[in-house]
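Here's the structure, in structure tokens; my notes come after.
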Amino acid sequence: MQFSSLSLVFLAVIGAIANPIAVDSELENRDVQLSKYGGECNLKTNACRYTKGGKSVFVPCGTAANKRCKSDRHHCEYDEHHKRVDCQTPV
């Protein structure tokens, strides 16, 4: 009787160790969300300017017609996690 109850407890512990709580993926998702920066487009230089840590950072937008800045001071977004800039984001 004791052997069967101990074996059930042992199996439950092994299952908990084998399937850890998905905290790492939640932290990774949070990091991805925190790595997005909003900024403004500069039509003359075709670059997105955003502020990171109190400093202005310039990232060039794409050269294709659907990747360029729409207008001066248009909202743009830089995703530092994926290293992508979106100069066509809707306001």
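Glycine residues also receive a Cβ, built from the backbone N, Cα and C atoms like all the rest.
Here the structure is a predicted model, which means the values were calculated and not measured.
As annotated in Swiss-Prot, Cys41 shares a disulfide bond with Cys69, one of the listed residues Cys61, Cys69. Here Cys48 (disulfide bond) is positioned 6 angstrom away from Cys61 (disulfide bond), judged by their C-alpha atoms. Of the recorded residues, Cys76 (disulfide bond) and Cys87 (disulfide bond) place their C-alpha atoms 4 Å from one another. Distance from the CA of Cys69 (disulfide bond) to the CA of Cys87 (disulfide bond) is 5 Å.
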